[in-house]
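Beneath this line is the structure, given in structure tokens, with notes to follow.
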Amino acid sequence: MIKSTNIQVIGSGIMHQINNIHSLTLFSLPVSLSPSCNEYYLKVWSEWERNGTPGEQRNIAFNRLKICLQNQEAELNLSELDLKTLPDLPPQITTLEIRKNLLTHLPDLPPMLKVIHAQFNQLESLPALPETLEELNAGDNKIKELPFLPENLTHLRVHNNRLHILPLLPPELKLLVVSGNRLDSIPPFPDKLEGLALANNFIEQLPELPFSMNRAVLMNNNLTTLPESVLRLAQNAFVNVAGNPLSGHTMRTLQQITTGPDYSGPQIFFSMGNSATISAPEHSLADAVTAWFPENKQSDVSQIWHAFEHEEHANTFSAFLDRLSDTVSARNTSGFREQVAAWLEKLSASAELRQQSFAVAADATESCEDRVALTWNNLRKTLLVHQASEGLFDNDTGALLSLGREMFRLEILEDIARDKVRTLHFVDEIEVYLAFQTMLAEKLQLSTAVKEMRFYGVSGVTANDLRTAEAMVRSREENEFTDWFSLWGPWHAVLKRTEADRWAQAEEQKYEMLENEYSQRVADRLKASGLSGDADAEREAGAQVMRETEQQIYRQLTDEVLA
């Protein structure tokens, strides 16, 4: 029984003083508040709204606060309102959504709170967390230190902050996401932990991994060894240690154990070579480019490329060129430098091609030599597809067909490599993808593929794999290529320019089908599968009908033009 209630404002928060309470604590207060409490909150919130700064949407926040209090709602959503501060929060809420604001600190948190989503703010610290808290997401902030973590916490996401150390992890924790911080050590993992994201830190040593863990993302740390418990994880578990300087002994041991006939542990992804990133180039963009040209051209080339130094991904492209010069192909392949120089000249003449190529090169952020080589393959593909789309092959259908066949073969090889990766327990997927392209470059006439790679020996790709892959590519090419080519974007671009009337007729035929047949064909397909009224099934059926229609129309057009 509560005989009297006094409310005092202390600092920026509210403290309820309950007098003469018989066997009642603050955490067992009834959900509904007295009118005087409501009046207090409304007064505080009104004043907070009036004192807002330009850009803050405090009027919207005030309305949501008021409705939340009046209706005793459990969830309060103040996300994406450009708020710089928060007032006292309704005491009954269990979920607080404050994502994507400009908050640097938080007020005292309600005592029954279970879920906080506070990512994408500017928080430098967190207040004391209530004992009831089960889920905390404060990623993408500026937090340097975490408070004590409640025992009931099961999900903790504090990635992309400024943490140097973590507190003791609670026993119920199932998910820990702390990637992108400044951690050099980690406390013991709780026995119930299932998911771990620890990438992009400075961790030198891991504690033992609990058997419950099914996913551990540990990329780009300073790990030279792994705990033995990693090999005792379940067979369906996934561990990624790419970008760590694992010792030669560790690599050999892992490879020996994971390739054994009795191995039943997790799949482990690693990377060969120096794991340092190449985001900081050794040279400016202009200098990195001119290094590929003969001395008598360097001055003119430098002047041209200076104009591109502020384009998106220019720095990573410069770093990529630095690393490309140190690959096996650059050192051993005759004419490689001239090939790169000719490619760079084409980039300087086309803003669209340059933008595409800079974006492709941005993905090669690791300095592993074979990753750079695979990126060079992709850049060659980008160039040829761009040239085809721009009209280089408008008068040479044979050359366009040859290019299409190469792109088709590469696509099939990627499918084969993807399937191969799934079968390996200790794998660098870059080496697998590159191995199929490099080792079959001559037999499949892959002009875009480098002819040498450094780490084929660790790819896990066998001679039998290569024979099987070649046979599969040739079989699928014989049965599927013409259908694939009829849907290929560069071929459509050529048809629009060289067969404008036929293209227009094909498009008209497609639109007539959409108007007259599409809905009925989708409905028939859903009825046949017993999925009428299922929105997801309807979208999938619609995509299938559209693809079948385009396949039929564009295949007929392709056959007519190529006849």
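Including glycine, each Cβ sits where the backbone N, Cα and C put it.
Among the features that Swiss-Prot reports, region 'Interaction with target proteins' is placed at 1-270, with the record citing similarity to another entry. Note on the region 'Interaction with target proteins' (1-270): mean pLDDT across this stretch is 86.
Per Swiss-Prot, the feature repeat 'LRR 1' maps to 69-90; the stated evidence is sequence analysis. Within its own chain, the repeat 'LRR 1' (69-90) is flanked in space by residues 12-14, 31-33, 38, 41-42, 44-45, 48, 53, 55-58, 60-61, 96-110, 117, which lie at least six positions past its ends and keep a Cβ under 8 Å from the stretch.
Long-range contacts of the repeat 'LRR 2' (91-115) within its own chain (CB-CB distance under 8 A, at least 6 residues past either end) are made by residues 12-13, 26-27, 29, 31, 33, 56, 68-69, 72-85, 121-130, 132-135. Annotation comment: Swiss-Prot describes 91-115 as repeat 'LRR 2', evidence class sequence analysis.
Distant neighbours of the repeat 'LRR 3' (117-130): 79, 96-111, 136-150, 153, 157; these residues of the same chain sit at least 6 beyond its ends, with a Cβ under 8 Å from one of its Cβ atoms. Here Swiss-Prot flags 117-130 as repeat 'LRR 3', drawing on sequence analysis.
Sequence-distant contacts of the repeat 'LRR 4' (131-150) (same chain, six or more residues past either end, CB-CB distance under 8 Å): 94, 111-125, 156-170, 173, 177. Marked as repeat 'LRR 4' by Swiss-Prot on the basis of sequence analysis: 131-150.
The helix, strand and coil residue counts that DSSP assigns across the repeat 'LRR 5' (151-170) are 0 helix, 3 strand, 17 coil. Here Swiss-Prot flags 151-170 as repeat 'LRR 5', drawing on sequence analysis.
Same-chain residues lying 6+ beyond the ends of the repeat 'LRR 6' (171-195) with a Cβ under 8 Å from its Cβ atoms: 139, 149, 151-165, 201-210, 212-217, 222. Sequence annotations record features per position, and here Swiss-Prot assigns repeat 'LRR 6' to 171-195 based on sequence analysis.
Per Swiss-Prot, the feature repeat 'LRR 7' maps to 197-209. For the repeat 'LRR 7' (197-209), same-chain residues at least 6 beyond its ends with a Cβ under 8 Å from one of its own Cβ atoms are 159, 176-189, 216-227, 229-230, 233, 240, 243.
Sequence-distant neighbours of the repeat 'LRR 8' (210-233) (same chain, 6+ residues past either end, Cβ-Cβ under 8 Å): 179, 184, 189-204, 239-247, 250, 254, 257-258, 265-266, 268, 275, 277. The repeat 'LRR 8' annotation in Swiss-Prot covers 210-233, and the record cites sequence analysis as its basis.
Sequence annotations record features per position, and here Swiss-Prot assigns region 'Linker' to 271-281.
Marked as region 'E3 ubiquitin-protein ligase catalytic domain' by Swiss-Prot: 282-563.
The annotation domain 'NEL' is assigned in Swiss-Prot to 284-563.
Among the features that Swiss-Prot reports, active site, glycyl thioester intermediate is placed at Cys368, with the record citing sequence analysis.
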Worksheet item: According to DSSP, how is the repeat 'LRR 3' (117-130) divided among helix, strand and coil residues?
Response: 0 helix, 1 strand, 13 coil
